[in-house]
Amino acid sequence: MNPTLVFFIIILCSTSISICLADNDNLQDACPTNTTVTRMVFINGFPCKNPSSISSADFTTSNLKDAGDTDNFLHSSVNIVTAADFPGLNTLGLSIARTDLDLDGMVMPHSHPRASELFFVRKGIVLAGFIDTNNTLFESLINEGDVFLFPRGLLHFCMNAGYEPAIAFSVMNSQNPGVVSIGGAVFETDKLLIDKIVRRLISVQGTNMANFSKIHIQ
């Protein structure tokens, strides 16, 4: 076979593999974030600690142990933990999050431009869904122990559909997934879609909608 053609195939395959990854692959076992240095050069990620100073504490976090503050208009809280807060995540292409939903709580539509999200319900009943590029709504009522997938870059949301506070944990395949929050602006232009979501929540939650009516965009 022509050596030039072989070289081209190798380059094409290696490039395709890289494109499929959410983040670039790590080049060593672990590279915990060095949080003690001032960043003088900005790279795609964070500087690594000296390997001799890596410890078990770099791979442990308690940042998701406590409930977030849901005393707000949406009765919800989302806490995303990235490599900036959890050193062990650096270069591994992962981040984690905790979502707390009080009664009638809702996380407005948003997207993560650099990550897909696995959404695991730890407690309660949650209505979760996303909207694809054809403006089609995919939603599901998920119970404790269930998992819902939010594809990368697509608008998604969740609502408490039960009669007690709900808790969910997420894993995203990027150490810095990013958040684009455009909820109100998008739904203002498509009242049929928000009405469909509201009717769906009413159907599963009955008359327990006193606070949720505040969220409906008029």
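Including glycine, each Cβ sits where the backbone N, Cα and C put it.
Curation does not apply to TrEMBL; its annotations are automatic.
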- Disulphide bridge to Cys31 as given by TrEMBL, partner from Cys13, Cys48: Cys48
- Check each residue in the chain of Glu117 (Mn(2+) binding site) that is at least six apart in sequence and keep those whose C-beta is under 8 Å from its C-beta; list them in sequence order. Ala97, Leu149, Phe150, His156, Ser170, Val171, Met172, Pro177
- Task: Taking only the Cα atoms, work out how far His112 (Mn(2+) binding site) lies from Cys31 (disulfide bond), in Å, as a whole number.
- Result: 24
- Query: If one measures from the C-alpha of His110 (Mn(2+) binding site) to the C-alpha of Cys48 (disulfide bond), what distance in angstrom results, rounded to a whole number?
  - Reply: 31
- Item | Least buried by Cβ count (within 10 Å) of the disulfide-bonded residues Cys31, Cys48 | Cys48
